[in-house]
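Working notes, structure below.
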């Protein structure tokens with residue numbers, strides 16, 4: 001086997017780290033897809049089973065073709081997983097993360113039946129905002145860029161032309177006055193704060209201007225002037241003040257994607273006034289005097305703010321005027337920042353394509369009510385996500401990636417490439433059908449067998465009620481079981497999956513949360529209850545995805561409990577058996593012995609330690625703290641604050657680790673009778 005190392009390809013800026021050479025179906029898939037892109041195919045499908053290394057195939061394609069790439073995932077959890085993997089494959093290149101930066105988002109809305117107007121309310125995650133700005137900067141500056149994102153990329157983010165026109169290029173020796181630098185920074189939506197130096201802030205001390213770039217995760221820029229000439233540019237650590245690097249040139253990017261040059265704002269003010277006059281005349285003619293008064297009051301306040309400050313609350317609702325677009329034209333999005341020859345990968349495309357199609361309709365119905373009742377001008381309707389056909393028109397050469405492609409991919413794929421054989425030699429699980437009327441008793445027996453072998457079990461039910469009842473029943477019979485449902489937040493979900501892998505419990509019961517992207521090699525049995533109840537949760541695609549959860553284990557098996565075999569079941573079983581036969585044949589032909597996946601738990605959710613008992617507590621907390629009542633109280637407060645800070649920054653693993661230490665410390669207090 002070839003030793004791990006970096007691989008480079010001709011005319012490609014990427015340095016691909018290969019922990020192992022492509023194996024199984026990977027070499028053929030990489031060659032076929034790369035050739036398809038080179039031949040100009042617009043749409044291709046990678047039909048890759050669970051555990052076949054689809055991300056590795058994508059990384060090899062990107063490196064070979066040497067083009068920037070956008071990888072779309074259906075949710076933040078899978079996007080984070082892909083981002084971590086891509087960073088491992090491209091540690092020397094720009095791998096960026098572009099997801100929604102809202103921790104909490106309540107859009108403005110009006111409920112006519114109750115005459116209730118709900119103001120927009122949101123909480124922005126600073127770290128994700130920085131990563132979004134870093135993503136667009138990388139696209140504008142370098143070719144070796146891979147962006148991992150979600151459906152968030154079809155929402156408007158400001159015109160790339162305006163964004164690029166606002167950058168401030170600084171070179172040592174250039175002549176520029178201190179006043180001009182400060183004016184440019186304010187226009188770019190940077191804030192002056194000499195006391196609290198954080199992202200998007202600048203501070204001034206005589207002829208020295210410190211700028212903390214909005215897209216920078218940790219380093220700031222020190223600009224030193226002498227007699228209106230740039231004397232030096234230095235990157236420094238804002239915490240220690242230590243200079244890291246002297247630079248001949250630096251580009252400061254705007255503090256927000258929504259920056260607009262002053263002349264554009266002034267032009268927009270005039271077109272907003274014109275639209276306001278027309279809309280007021282229409283409302284008055286229709287006898288809607290309250291709506292007309294409301295609209296005039298709200299819009300004139302916004303115009304005043306735009307005139308004085310250059311921006312206002314809810315400025316995105318005037319995006320059509322600011323971009324100079326015609327009514328009905330789509331807004332500029334991240335897709336507009338991509339070069340024409342970029343690659344697109346849509347992961348779990350059977351889910352993601354549906355999301356891309358659904359975003360526009362929900363947004364439209366809410367805004368139409370706001371316009372109808374005088375809360376917004378009609379141009380607010382053009383601040384929206386892209387429609388599916390608009391997204392299609394902007395798509396670059398695209399690869400759909402899924403184990404179960406849906407109708408859209410089947411219609412659009414010019415080339416379908418199968419990746420069925422796994423590099424590990426693992427084959428798809430054996431699928432059995434057993435009677436549904438004895439399903440619970442039979443399942444209990446199977447669970448005891450698996451638990452004795454230190455293996456895990458996933459059980460999927462049709463309803464919440466049944467999942468709860470089954471969990472109670474199994475628990476009463478001595479089974480270590482947990483229940484995963486939609487009310488559980490992301491932190492706890494990650495924790496439950498971690499505990500399942502660590503063997504804290506043996507059985508996980510769920511409804512539809514046990515399908516795409518769950519990577520648990522310890523699971524050797526998947527049980528699907530009531531498999532013959534046709535519907536969304538028991539469709540062919542859902543069944544194949546659920547069966548696939550047992551495909552990472554050497555002893556993988558799936559049991560479908562049903563009193564009759566439905567069409568969906570038949571197709572799912574036939575497809576699984578077809579793949580299994582192909583995998584076994586490949587192993588026989590090449591003398592491959594299947595080996596189980598041995599994956600460290602920290603890789604699933606990096607940074608979480610094992611459950612915190614006394615040993616873990618004593619290693620995490622100084623010994624003197626454990627013997628002093630006041631010190632323990634202080635430590636509890638510190639851990640609570642740390643946990644909340646990590647949760648706010650979406651650092652769920654660190655938040656969970658802090659929570660474990662906190663719980664262990666509280667238990668210690670109770671056990672020792674301290675405090």
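Positions of Cβ are set from backbone N, Cα and C atoms, glycine also.
Database features, via Swiss-Prot:
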DOMAIN    35-422  domain 'Helicase ATP-binding'
BINDING   48, 49, 50, 51, 52, 53, 54, 55  ATP binding site
MOTIF     101-124  motif 'Beta-hairpin'
DOMAIN    439-605  domain 'Helicase C-terminal'
DOMAIN    633-668  domain 'UVR'
Average pLDDT across the domain 'UVR' (633-668), rounded to a whole number: 80
Helix, strand and coil counts within the motif 'Beta-hairpin' (101-124) (DSSP): 3 helix, 15 strand, 6 coil
For the binding-site residues 50, 52, 55, the one whose C-beta sees the most other C-beta atoms within 10 angstroms: 52
Close approaches to the motif 'Beta-hairpin' (101-124) from elsewhere in its chain (Cβ under 8 angstroms; 6 or more beyond its ends): 132, 313-314, 366, 369-370, 373, 375, 648, 650
In three-state DSSP terms, the structure that residue 48 (ATP binding site) belongs to: strand
CB contacts for residue 51 (ATP binding site) [other CB atoms within 10 A, all chains]: 21
Number of other Cβ atoms within 10 Å of the Cβ of residue 48 (ATP binding site) across all protein chains: 24
Those residues of the chain, 6+ apart, with a Cβ under 8 Å from that of residue 53 (ATP binding site): 22, 24, 26, 419, 422, 423
Local Cβ density at residue 54 (ATP binding site) - other Cβ atoms counted within 10 Å: 24
For the domain 'UVR' (633-668), the number of residues DSSP places in helix, strand and coil: 33 helix, 0 strand, 3 coil
